[in-house]
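Trainee: The active site, proton acceptor annotation in TrEMBL covers Asp213. Per TrEMBL, the feature active site maps to Asp230. The Mg(2+) binding site annotation in TrEMBL covers Asn218, Asp230. Marked as domain 'Aminoglycoside phosphotransferase' by TrEMBL: 44-274. Per TrEMBL, site 'ATP' is recorded for Ser45.
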Amino acid sequence: MIRYDVPMTQQHTGHPYEKLTPDLILNALDDRGFVTDGRLLALNSYENRVYQIGIEDADPVIAKFYRPGRWSREAIQEEHNFALELAAREIPVIAPIQDEHSETLHEYHGFLFGVSPRCGGHWPDLDTREQREHMGRFLGRMHAVGATQQFEHRTRINIERLGDASRDFIIEQSFLPDYLREAYSSLTGDLLGKIRNLFEVVGPVGYIRLHGDCHKSNILWRDDGPHFVDLDDSCSGPAIQDLWMLLSGDREEMRTQMEDLLTGYRMFRDFDEASALLIEPLRTLRIMHYAAWIARRWEDPAFPIAFPWFDSPRYWEDHILSLREQASALDEPSIL
């Protein structure tokens, strides 16, 4: 667990989170029937605010206070319901704690929040075939449940939201140095054209409920295997979205890793191999969206502290270099 290297009051100054004081946090938990003991530790989270809170005569709990205005109540409830549904199917996910009325989403002084158990573990290595097949089985089981119904209020993976909107926002803002503005505009325009063409080549793909941000840092590995910490970024999209971020290395290494993942995955659910052609388009969209996400949150004091390099010319030079590498990657055949 990582603690912000600044006082809590400094984190929240001049932002909607400024009202999220230690007293308010503890009072919110007390209001829901938890007897807090005054211990409070800020954990590593940027979009929301997440705290480990001490409970008298019991294990600490994790409280997540959602960014005001970021999600609707209905969207957050869908996240919670999906986690509870997975847990009910004995799929390892750290689901929110239900109160005596079976409610998981609470509101206190304008902040929506949920509480979950604290769960230990470590990030997975996925260095062995056995681990990758285990991870594949885990995702296959999760996706089998995710495919049984659709989200109504969560976001969808699409080019418009992740690509077009991200590009437009970066161009409209002042983060890009003037000498890179034309290069960024031209390059990203070309990339989005390639991405659209590849989505057309693949054709219609089924959208299911996903984890949405399935990389090693969002997985806890315990003795009994992988667990998802939360479903903050759960969304609707193609199954490949929850697989490609687990791959690393060159093309041959990624092919081997994907085959191992799919060996486990196919024990519980079929996989459309044609969708593997979307790996590089999805990676490109993620790179573009990540930069725009930081830019949109720059007024949050936690972001300049966590990403001090973001508004430097060097970052944008490297960002454009990464996108140029993606332009070449988009021309490569599928790894399957």
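Note: Cβ is positioned from N, Cα and C throughout, glycine not excepted.
TrEMBL does not curate its annotations; it predicts them automatically.
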Trainee: Does Ser45 (site 'ATP') have same-chain partners at least 6 apart in sequence with Cβ under 8 Å from its own Cβ, and which are they?
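Mentor: In sequence order, Lys64 meet the Cβ cut-off.
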Trainee: If you count other C-beta atoms within 10 angstroms, which of the active-site residues Asp213, Asp230 is the most crowded?
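Mentor: Neighbour-count leader: Asp230.
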Trainee: To the nearest whole angstrom, state the Cα distance for the pair Asp230 (active site) and Asn218 (Mg(2+) binding site).
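Mentor: It is 8 Å, counting Cα to Cα.
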Trainee: In sequence order, what residues of the same chain, 6+ apart, have a Cβ less than 8 Å from the Cβ of Asn218 (Mg(2+) binding site)?
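Mentor: Listed in sequence order: His211, Phe228, Val229, Asp230.
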Trainee: Kindly assign Asp230 (active site) to one of the three DSSP-derived states: helix, strand or coil.
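Mentor: Reduced to three states, the DSSP call for Asp230 (active site) is coil.
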Trainee: Under a three-state reading of DSSP, tell me whether Asp213 (active site, proton acceptor) is helix, strand or coil.
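Mentor: Coil, per DSSP.
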